[in-house]
Amino acid sequence: MTTLHILGFPRVGAKRELKFAQERYWRKELAEQDLLDLAKALREKNWLHQAQADADFVTVGDFTFYDHILDLQVATGAIPARFGFDSQTLSLDQYFQLARGNKEQFAIEMTKWFDTNYHYLVPEFQKNTTFKANPTHYVNQIREAKAAGHQVKPVIVGPLTFLWLGKEKGEAFNRFDLLKQLVPIYFEILTSLAAEGVEWIQIDEPALALDLPQEWLAAYQDVYAQLAKVNAKLLLATYFGSVAEHADLLKALPVDGLHLDLVRAPEQLSAFEDYPKVLSAGVIDGRNIWRANLNRVLDVLEPLKAKFNQRLWIAPSCSLLHTPYDLAVETQLQQNNPELYRWLAFTLQKVAELQVLKQALNAGRSAVAEQLNDSQTAADARANSNVIHKAEVAQRLANLPTNADKRQSPFAERIKLQNKWLNLPLLPTTNIGSFPQTLEIRHARAAFKKGELSLADYEAAMKKEIEFVVRKQEELDLDVLVHGEAERNDMVEYFGELLDGFAFTKFGWVQSYGSRCVKPPVIYGDVTRPEPMTVRWSQYAQSLTDKVMKGMLTGPVTILQWSFVRNDIPRSTVCKQIGVALSDEVLDLEKAGIKVIQIDEPAIREGLPLKRADWDAYLQWAGEAFRLSYMGVKDDTQIHTHMCYSEFNDILPAIAGLDADVITIETSRSDMELLTAFADFKYPNDIGPGVYDIHSPRVPTAGEIEHLLRKALKVIPKERLWVNPDCGLKTRGWKETIEQLQVMVEVTKKLRAELAE
């Protein structure tokens with residue numbers, strides 16, 4: 001018999017019940033016991049769904065109040081010492097303070113979980129870090145599930161991945177040196193789990209899909225030789241990429257089973273066809289929302305069944321944390337777009353797909369002929385749908401001129417033409433894009449969406465806000481203005497709603513971090529722009545002032561990265577389609593007299609593949625898609641882009657290759673350290689390093705901004721330096737926004753006068 005299991009389940013509930021309960025708890029509107037009871041009910045529901053789908057185990061330990069890596073920091077006693085908390089007696093309030101900060105300490109840093117849109121809390125390791133086992137989190141969930149009558153498989157992230165995901169703090173050392181101390185703690189935790197009578201323990205080691213240094217790889221054998229002494233079977237789970245290059249190492253590990261991601265890396269299967277133990281085949285996509293073609297999946301699984309027999313397990317490719325909960329609640333989508341609805345599968349539907357596969361493997365395809373037929377019909381309809389495939393889009397991409405993604409002239413010539421008409425002072429000041437989104441703006445937008453506010457009244461409200469934003473910028477004496485983006489709910493959703501080929505769900509939420517969830521757009525078909533999206537707002541804003549108004553767009557790579565993307569054509573093709581669609585908007589803005597246009601790309605870096613060898617190909621198509629978004633603009637139109645990350649050094653040639661006339665970057669928190677990379681690289685175009693941190697309501701002093709600008713002037717010629725905040729101001733309040741910008745403009749004017757002498 002084939003075994004069915006799940007690597008992990010979403011935690012937040014079908015309608016984000018956990019999120020709302022957490023936030024009420026933080027506001028002191030909900031008692032701790034009520035939060036604990038709700039969490040228990042959500043876990044029980046998750047286990048029931050798995051059991052009803054004929055899963056041989058329900059997975060426990062995957063539920064968390066904030067983040068599974070934070071839970072592991074608690075379980076190993078590795079919470080940051082700076083908080084002064086005892087991990088053995090940690091209260092729920094203290095747990096949340098680790099994640100959210102308190103009056104004395106800032107929160108633990110967050111970063112992306114591999115190349116997903118989920119964020120984990122980064123462990124802080126010090127030379128003198130000491131570990132201490134506290135398996136309560138896992139043990140309690142095992143007992144709870146067993147009491148409900150379930151067969152249980154706990155999951156825990158493995159020691160090498162856990163260490164790899166952390167950062168060294170304080171005195172210089174290599175966190176790898178902590179492994180010797182950490183492994184006995186893991187042994188203690190696993191022993192506690194085994195003592196609860198579990199047969200299998202799933203240990204996740206996704207770091208194996210990265211380019212790990214040799215000493216880390218070499219450590220796997222010894223680490224797992226120690227952990228294998230635990231009185232339970234160990235399933236080592238890998239995902240997010242191929243581990244084929246480590247096949248010999250993995251076959252030799254003293255574990256009892258291995259999970260492979262056969263969605264992201266189907267080609268790796270051939271390296272493991274002679275694996276002598278349990279092979280868990282990750283055949284249902286845990287990171288996207290499309291139905292699988294179950295007949296095709298069975299074509300892969302049936303030969304494996306013949307080889308592995310009882311040793312074959314089936315599962316999603318990775319945890320289902322990255323997919324929304326239940327398609328059945330999307331009644332509006334089913335009504336408005338029944339065709340698309342038939343092609344989708346959320347978590348519960350994916351579990352049902354696995355159940356069909358299990359039945360087919362155990363009793364033959366005829367036992368589930370109806371379900372397989374339905375799956376095939378949906379796959380065929382999708383392959384041939386004219387809702388998806390538009391001949392004119394493919395034709396337009398195929399017929400792009402050879403140098404479509406190149407500007408007419410090099411930057412040195414363009415900038416002369418731009419400076420001539422822009423006529424800006426030295427160190428021009430601007431804003432990144434958004435201004436505070438007040439409650440009034442949000443209410444007006446919500447009322448309009450619900451049909452409670454007429455189009456005319458909604459537009460009047462937005463125009464009033466735009467005028468307010470323009471007047472404020474004029475009073476502040478900023479040089480290049482923005483319209484403030486009052487009409488935009490989200491920098492990707494706004495464009496997705498206006499581009500063809502996109503759809504939106506109502507409950508398609510996935511966890512980003514803690515209580516924050518995002519609802520990615522669905523890119524299901526060829527992308528086109530039926531009509532202008534931003535032109536009238538920018539044009540209206542420009543009509544209010546004699547100063548230069550900047551148009552604002554989200555770039556193709558960011559739109560791609562923050563969406564659920566169709567899986568029937570390469571991501572690179574989808575990205576280029578978006579770029580070409582955006583170019584129509586850019587040219588319309590240019591025609592309307594908006595000749596400074598910003599195309600934001602905050603997500604270019606996060607799209608980087610996990611393995612270095614794949615970077616060049618990605619950066620090539622991502623760069624091309626970005627350049628296509630402004631194809632055809634005149635030399636005197638100035639293209640800006642904005643990016644916010646802390647690491648540029650390794651991708652600077654690609655950033656320069658975007659050939660934006662001005663790049664604005666987030667640098668204030670790193671004290672301008674980023675700029676040395678741009679200077680060493682001799683970055684050729686204009687740069688606007690952020691001079692204050694917008695993530696804080698704090699108003700910077702004139703001295704702080706002056707210090708940062710003087711540092712910037714040491715590495716960037718004054719003629720090429722712009723002055724701006726780190727990021728958009730959407731989440732700030734108006735009071736601090738005005739005060740922050742006032743200081744920025746005053747300091748700029750002081751330095752301008754000095755430089756003019």
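Cβ coordinates are placed from backbone N, Cα and C, and glycine is handled just like the others.
Taken from Swiss-Prot, the feature 5-methyltetrahydropteroyltri-L-glutamate binding site covers R16, E17, L18, K19, K112, R516, C517, W562, E606. If you look up Swiss-Prot, you'll see I432, G433, S434, E485, D600 marked as L-homocysteine binding site. Residues or ranges marked as L-methionine binding site in Swiss-Prot (evidence: sequence analysis): I432, G433, S434, E485, D600. Look at Swiss-Prot and you will find H642, C644, E666, C727 tagged as Zn(2+) binding site, backed by sequence analysis. The active site, proton donor annotation in Swiss-Prot covers H695.
The secondary structure of E606 (5-methyltetrahydropteroyltri-L-glutamate binding site), as reduced to three states from DSSP, is helical. Look at I432 (L-homocysteine binding site): DSSP puts it in coil. The Cβ of E606 has fewer other Cβ atoms within 10 Å than any other of the binding-site residues E485, D600, E606, E666.
Binding of L-methionine is attributed in the record to I432, G433, S434, E485, D600, and the widest Cα separation among these residues amounts to 13 Å. Applying an 8 A CB threshold to same-chain residues 6+ apart, the list for I432 (L-homocysteine binding site) reads V482, Q598, H642, T664, G690, I694, N724, P725, D726, C727, G728, L729. Long-range Cβ contacts of G433 (L-homocysteine binding site) within its own chain (separation 6+, distance under 8 Å): V482, E485, M552, Q598, D600, H642, G728. Listed in sequence order, the residues of the same chain lying 6 or more apart from S434 (L-homocysteine binding site) and placing their CB within less than 8 Å of its CB are V482, G484, E485, R488, G728, L729, K730.
C644 (Zn(2+) binding site) counts 19 other C-beta atoms within 10 Å of its own C-beta, drawing on all protein chains shown. For the binding-site residues shown (L18, C517, C727), fewest C-beta neighbours within 10 angstroms: C517. Under the three-state DSSP scheme, E485 (L-homocysteine binding site) falls in the coil class.
A simple Cβ count within 10 Å picks out one of the recorded positions R16, K112, H642, H695 as the most packed, and that one is H642. For E666 (Zn(2+) binding site), the nearest neighbour among the recorded positions L18, K112, E606, H695, judged by Cα separation, is H695.
In three-state terms derived from DSSP, H642 (Zn(2+) binding site) belongs to an extended strand segment. Highlighted in sequence order, N431, V482, M491, M552, Q598, H642, C727, G728, K730 have their Cβ within 8 Å of the centre of the Cβ atoms of I432, G433, S434, E485, D600, the residues recorded for L-homocysteine, and are not part of that set.
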